[in-house]
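Asker: Structure below; questions to follow.
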Amino acid sequence: MEDLCIKNVNLQKSENLERHRTEGFSSSKTLVVRRGAPFRISLQLEGRPFNPKTDSLRIRVMLDHLYVIMPVTFSKKVSASHWKAYMDPVDLNLQNPSIFISSPASASVGCYRFELCVFSEDRQQKHAFGKFILLCNPWCREDTVYIPFEDLREEYVQNDSGLLFMGTAANLVSRPWSFDQYEPGVLEACLNLLQVSPQHQKNRRVDYLKRNNPVYISRVVSAMINCEDDQGVLKGNWSSNFKQGVHPSMWTGSGDILRQWAESGYRPVKYGQCWVFAAVMCTVMRVLGIPSRVVTNFNSAHDTNDNLVIEEYYTETGEKLGHSKDSIWNFHVWVECWMTRKDQGSGMDGWQVLDPTPQQRSGGVFCCGPAPVKAVRDQRIDQLYDIPFVYAEVNADVHTIIVSQGRVVSRSIDTQKVGSLICTKAVGFPRLQNITGDYKYIRSPTSTLTSRSSTLSDDSTLRRASSSRGVLVFLNLDKAPVAGEPISFSVKVVNKHSVAKMMKVHLNAQAKEYNSSPSDTFWEAHGVTQLAPMEVKVLQQQILPAQYEDVVGDDLINLAVVLEDMVSHERVLASEEFNIASPQLIIQMANADSIVLNEEQTATVSFTNPFSHPVSGVLTVAGAGLTQGKIHFRMLPLRPGGRVQQRITFIPSMVGTKMLQANLSLTNINSTVRGFKMVFVNKA
């Protein structure tokens, strides 16, 4: 009888990638599949065909030194909790038999090897080998990362681009970001991140066993995105000196960061800030198959002493001081991941907060979460992990204190400022989704229930107003500030006394970064105003572009007004922090509705200079699945009001919805101008 020999093992890559919704990873040399679902391999035999009566097959699947051995049966019945290998008895090709390998929905994430053994009647053994990468499976109901509805899976797992929201709640900035999970080298970098982690280095066997649990995986990744305790991906830098690396605002996607980290031998990439940490973690989690989204919390509190109080200090002329160890970031960005929390009992499943920005240690390591969003809303500090820290970020009170000659002369409390807006990108659309109600109970003005986060007044200007024994002051921007235009605002003063008042008026503007105290005053105005009994007076003011352009750039402005009663010396303050809306780059497509895979396309990027002086810079255009790397152009000085256009060509390499983004980094002003366009690439 002829020998049975295995000539080749075909991993049926195209079929399996489509079946497991991993087509984006087609550039990987290794087959990528998801747990809890079978994938097919086929054997090419030499000599005689396979004989089901006398021959048998056995498969050993290995994850490092962990392994499982299973016979290949003729039963298609699979188990969600066990490995299974079978041949379809209805469609059996004895010369080129197909074998289906099904992993449990709780299998560990990682790079597996398999060994296929054929036993014939004379006990001869023939061997063949292969390998595959196994990811979590949000399409599988038995998987702890299962998320219902296809549009959610497309957005939170498959989408390779998105928007990050920054600026202020009243003047949002939508920053495009390329998650790049399908770009060359990114999948491998994400898997290597697990291998480089301290948990894996300490005990490989235990780490592999625990990688079946998204709670464990997410804590490992949260710590590995920063480099404070390990060979993590990013080095944080909140100074103004970025000479040793890249300014955080210059990154446009995760791929460059993850590839640079891996290619450097796992040395931290310089530099990141909160939105970069969060966006890179979102990429890693989506690659691993865990539904993820980037979330922004506007007016995010960092409460260092756990008293749910943030103190802000001002001088008697409205200059904000940096006296407090606590702080409020104008915005802070973290990640939410979707998973079942079997470790926390019922009611804690769903979105979990994970924050890779190194702010506070959790279990001795700079990481945060997963904290169930439901536990944050209900202040369930008994739940894991880091509920009190996240709760304070969205719920702390703000105590505003005016000091004069070392003593406190005024104090006011704001219960609404912190966590004023919490948002993420909407599913399927390039716009904001407000999720504040997921984190805090929002009550109507007439509600008898109150909480730290309740809205107790229908006065929308409450946060910008303050009073002192009958004198009220309101600070209002006339409209959202736009680059190149004056900042127009009004100070409304209300005298509720039945006697006249003579008031000193101090106005002060300081530039500030989103996460720090303001710098020195760049604009101020002082005067005196007289108020008749019960009078309401409105004072109009402007800050001209020439007064703020060279100072502010992409930073924010802290604007404050202090009124001082010239008789009683009582003081009242109102303040507002805001950003200047940058101009937009406009991207236009020649044939936006007929973009086809592997066919050259044309786009035009245009920019109009709104500034009061000439600007020059470098234009960078990129798009995952659209361009091969980044395309750079130098822009010569452009006069105020001048317009410039740049034509680009590209050849799409992936089908589906893709983002083409452009960034113009200005060389003579601290500002980057951005734009993006969503395009749909059709099959040829």
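Cβ atoms are placed via backbone N, Cα and C, with glycine included.
Because TrEMBL annotations are produced automatically, they should be read as predictions rather than curated entries.
Got these off TrEMBL a minute ago, pasting:
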type     : residues : note
ACT_SITE : Cys274   : active site
ACT_SITE : His332   : active site
ACT_SITE : Asp355   : active site
DOMAIN   : 266-358  : domain 'Transglutaminase-like'
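Give me the structural setting of these features: burial, nearby parts and distances.
Answerer: Neighbour list (Cys274 (active site), Cβ cut-off 8 Å, at least 6 residues apart, same chain): Trp329, His332, Val333, Trp334, Thr357, Asn515.
Annotation for Asp355 (active site): spatial neighbours Ser222, Phe277, Ala278, Trp334, Val335, Cys367, Cys368, Gly369, Val390, criterion Cβ-Cβ under 8 Å with sequence separation of six or more.
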Asker: Is it possible to list how many residues within the domain 'Transglutaminase-like' (266-358) are helical, extended or coil according to DSSP?
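Answerer: Here the numbers are 17 helix, 42 strand, 34 coil.
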Asker: Calculate the per-residue pLDDT averaged over the domain 'Transglutaminase-like' (266-358) and state the result as an integer.
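Answerer: Reported value for the domain 'Transglutaminase-like' (266-358) is a mean pLDDT of 94.
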